[in-house]
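> I have a structure here, written as structure tokens, and I will follow up with some questions on it.
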Amino acid sequence: MISCSSSCFSSKITIQCENVVTEFIEGLVETYPGLQYLDGFPQVKVVLRADVSAATYDKVAIISGGGSGHEPAHAGFVGEGMLTAAICGDIFSSPPVDSILAGIRAVTGPKGCLLVVKNYTGDRLNFGLAAEIAKSEGYKVETVIVGDDCALPPPRGIAGRRGLAGTILVHKVAGAAAAGGLSLADVAAEAKHASEIVGTMGVALTVCTIPGQVASDRLGPGKMELGLGIHGEPGAAVADIQPVNVVVSHVLQQILSTETNYVPITRGERVVLMVNGLGGTPTMELMITAGKTVPKLQLEHGLAVDRVYTGSFMTSLDMAGFSISIMKADPVILQRLDAPTKAPYWPVAADGNHPPAKIPVPIPASRTAKTDEPRSRPQQLNEQGQILEVAIEAAANAIINLKDNLNEWDGKVGDGDCGSTMYRGAKAILEDIKDYPLNDASETVGEIGSSIGRSMGGTSGIIYTIFFKAAHSVLKASSHSGVTSKQWAEALATSIAAVSKYGGASAGYRTLLDALIPASSVLEEKLNSGDDPCTAFVLSSEAALAGAQSTVDMQAQAGRSTYISGEILSTIPDPGAMAAATWYRAAALAVKAKYQS
């Protein structure tokens, strides 16, 4: 957050409290070329469309505004197809009459202007006086008051219901109607209709921090506020924090209550949903709220949801919480909401019919999957299958036995879970081996990669999945009758290259490659010189172990070990390299023992 010189916010960025609104406007118009502001700072703070001039504008101008602190409302919704101008007051203070009047004069042409005003006393009075002065100057002006709050009992006085986030939907309806060329009377009628069919209620987990003031601590730990306004004022009730589905149910019951009858929505009808963040709520949490709200509207209230808008539209500075707005849908309302706009903060990609239920798209099958030949262990293993079996089991068991050592080493040079991560992969391989097609080396290697991918997680899981999938790609070109020793060597080299390509490491980086690269080099060298494949495999495993042990003398250039001092690293081999050398060595010795038997 930004902090003013009087410590109104908690951050290292400091600006003067009295300048927050003007500097917000300056940043906004620098960001969006289609926006401009009137040269009247600091008294006049008006954002308007850069392409509109009162002298030439031939459509109804839509003007709204109010106190600042609700960003992106209202200035963020200025743009073709929505607001023509937004009048910005100081934080949580209605804009002065002179600012409103300046905005009217700047954008209102012969067709007149519509003022969309939230139902707060200051806004009503200031916008009302500005409207009357403008009329006396010859401007055509209509006003629509929005009071969509559903949290409080029906008012008995003159205050009425507060204007909340549902106002944004009214902005959109009015802006689209004006862009369509309708008269002032017709635009005002559509906006008034929209304001009468929308209801909103908010929930907060924290109060907001008002610039220049000490944050209130009226909400204790574990408490939430129901039915609050957007200016930091207390809500209708304070309650213990509840799961989001419980909170959503309560909010919907309030909005759709037949006792208050605030919105004329009954079972079987169609609605529009807006889930609005109050400033300090992550997008993830807002989406979770939307995901809980839609089925409740459908199943608990019998309503069809035609549109869903989720995001931060009308906030309360840094308040953690959300509001839900429900608007009755009809063909004209949907047409207006779907109409194009250049307002920078109206959500894109939310138009179009909302399906009754989102059915997940099936996961595509792998191109390498043999749908006509289910994966299973052969009834009888050939020689290659028997060798693969002993090698795989030996490698997996060696990792299981090394778990504690790996965790101990990794606790000193990493995050301490290398052994546990490798253990999960090894256990999964031993459990899945009963279904491996061991007589087919290529598919078996691919299945090892799948077992690891499902079980290991973390960076190691990805690296080893890449390793075995790359080997599978090379080996699948071989005949099913058997894979030659040189093809195995080629597969190892290809796997190492793939890990290096995607992981970014190479020899000397203190990783598992410092074990596998020497093994690959020795294996290729011994095979090319005519050594027995089994002997070449064992000698290459000795090179793997030596390479892993040599990592003690290396400075880490990849992974979490890069943050560890060289003094500590010089006492511990790289756990990943030791793990790779261990399973490789165990597999080689198992193959040697199998041949000798």
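Glycine is treated like the rest: Cβ placed from N, Cα and C.
All TrEMBL annotations are machine predictions without curation.
According to TrEMBL, the protein carries these features:
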type: ACT_SITE; residues: His231; note: active site, tele-hemiaminal-histidine intermediate
type: BINDING; residues: Gly67, Ser68, Gly69, His70, Lys118, Asp123; note: substrate binding site
type: DOMAIN; residues: 16-346; note: domain 'DhaK'
type: DOMAIN; residues: 386-589; note: domain 'DhaL'
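Walk me through the surroundings of each of these features.
Long-range C-beta contacts of His231 (active site, tele-hemiaminal-histidine intermediate), restricted to its own chain and to partners at least six residues apart, with a cutoff below 8 Å, comprise Gly67, Gly69, Phe92, Ser316.
The Cβ neighbour count for Ser68 (substrate binding site), using a 10 Å radius and every protein chain shown, is 25.
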> Could you list the residues of the same chain, at least six apart in sequence, whose Cβ is under 8 A from the Cβ of His70 (substrate binding site)?
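Sequence-distant Cβ neighbours: Ile230, Met314, Thr315, Ser316.
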> Quick check: with Gly67, Ser68, Gly69, His70, Lys118, Asp123 left out, which same-chain residues have Cβ atoms within 8 Å of the centroid of the substrate site Cβ atoms?
Gly65, Gly66, Ala73, His74, Gly89, Phe92, Ser93, Ser94, Tyr120, Ile230, His231
> Name the residue among the binding-site residues Gly67, Gly69 whose Cβ has the smallest number of other Cβ atoms within 10 Å.
Gly67
> On a count of neighbouring CB atoms within 10 A, which of the binding-site residues Lys118, Asp123 is highest?
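Sorting the candidates by Cβ neighbours within 10 Å, the top entry is Lys118.
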> Find the longest CA to CA distance in the recorded substrate-binding set Gly67, Ser68, Gly69, His70, Lys118, Asp123; express it in Å as a whole number.
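Across Gly67, Ser68, Gly69, His70, Lys118, Asp123, the two farthest Cα atoms sit 15 Å apart.
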